[in-house]
């Protein structure tokens, strides 16, 4: 039986580092962010829905969606963020479920489902267990500013639009703190794989 491990955490908490670890271990990953990017490419259903609603002002000269511009709109307006999620989440969910079915048919032992908004979008019900990557709020702001070249205000706006990490930690099956080095995180993830017997 395939064990589906939901992977979540806050923005800049270290999910990508965890993903890299699982890839090195040859564990398949269903990446919801990647799927969300793919459905917003020219010609895809998500692209049409988003451009129809938000208008052509969000487009680059080559007609691709300017994600920074779209982010600037939705992360400062909760109603518009809600609308963007309503337009894109069903398409992302559909693709995740299709990928899960393929892995189940191939009898994979363990599959990681990386969904930053796992609890917010009700995806935990599809997982056998949920891993939350935890980080302190100060470190989260610092890493996000560094990673995305955000101002402190932009970083705080992005973080405040997500469920508090403390809430995710309470609801998760497993919690791994990412407050040290990459090596520290990888050691904790190795221990976790042993714990779940994979």
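Keep in mind that glycine also has a Cβ here, set from the backbone N, Cα and C atoms.
Swiss-Prot lists 12, 13, 14, 15, 16, 17 with the feature ATP binding site, giving sequence analysis as the kind of evidence. If you look up Swiss-Prot, you'll see 4-198 marked as domain 'DPCK', on the strength of sequence analysis.
Other residues of the chain with a Cβ within 8 Å of the Cβ centroid of 12, 13, 14, 15, 16, 17, the ATP site, are 9, 18, 133, 135, 143, 178. Sequence-distant neighbours of residue 17 (ATP binding site) (same chain, six or more apart, CB under 8 Å from its CB) are 178, 182, 185, listed in sequence order. If you take the C-beta of residue 12 (ATP binding site) and look for same-chain residues 6 or more apart in sequence within under 8 angstroms, you find 135, 140, 143, 144, 147, 148. Taking all protein chains in view, 15 other C-beta atoms sit within 10 angstroms of the C-beta of residue 16 (ATP binding site). Classification of residue 16 (ATP binding site) by DSSP places it within a helix.
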